[in-house]
């Protein structure tokens, strides 16, 4: 058993050493390749940035006007330092603004452009030549669907009472009761109908002439019954128009209409106004490129 373990350990150690011997050179070569690629990229970037900086300095020199020199109030007291840049002017020539400064605010939007001209109609499409097999539907069964019986439902509520049964047989007559006492006299009956009027009697003998009375006149008699209604009068003139009534409540909003078709796209607007300066960037120190240009 010990021999087997020693042999296994030795074999594993040998394999590990061989793997290290093959892996280390490969890693070394990979690291060197990456190092060379990084150096090449840095060199190319440096060449491009130097070329861009030189072009920017040329544009700055030809476009930007020179600034006025600063007046030092101590020039009359202290001795001025000699200028080492003999080819440069006596004032500060600032370099162009670095791109680290924040840009200005965007300009206002331009006016909408005129609608473009409609495009030419496209060519006629090809006819559809694809054919499809006829669709066949499975026959529909007209048999009733047989569902399995469900479980028994709960007991229903008690029903209403049934109808009354038939009358029973009449019972035997009872014994005659004792005669009752006399009742109270009843109320008088209604008056009978009036009889027919009798025949007119013979006219009486004329009476003696009466004497004119000398008493005061009697009072006015009771007012008579109202007479029949008179004919309807003519229609009166139409009355004036009444004041207008208050405004009624506003009706409910109607349903929204269908959306209209999209309009033609407008032409591109004009260029916006230049934005304001966001911040002031101090002038960087003079570089050797600027000195070499002068």
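These residue numbers are counts, starting from 1, taken along the chain as shown.
From the backbone N, Cα and C atoms, a Cβ is placed for every residue, glycine too.
For 100-112, the entry in Swiss-Prot reads compositional bias 'Pro residues'.
Among the features that Swiss-Prot reports, compositional bias 'Low complexity' is placed at 164-209 (among others).
Taken from Swiss-Prot, the feature compositional bias 'Gly residues' applies to 210-224.
The compositional bias 'Low complexity' annotation in Swiss-Prot covers 225-265 (among others).
The region 'Disordered' annotation in Swiss-Prot covers 100-133 (among others).
When the region 'Triple-helical region' (102-127) is classified with DSSP, helix, strand and coil residues number 0 helix, 0 strand, 26 coil. According to Swiss-Prot, the feature region 'Triple-helical region' maps to 102-127 (among others).
Taken from Swiss-Prot, the feature region 'Disordered' covers 149-278 (among others).
The region 'Triple-helical region' annotation in Swiss-Prot covers 153-274 (among others). Across the region 'Triple-helical region' (153-274), the DSSP tally of helix, strand and coil residues reads 0 helix, 0 strand, 122 coil.
Residues or ranges marked as signal peptide by Swiss-Prot: 1-30. Under 8 Å from some Cβ of the signal peptide (1-30) lies no Cβ of any residue in the same chain that is six or more residues away from its ends.
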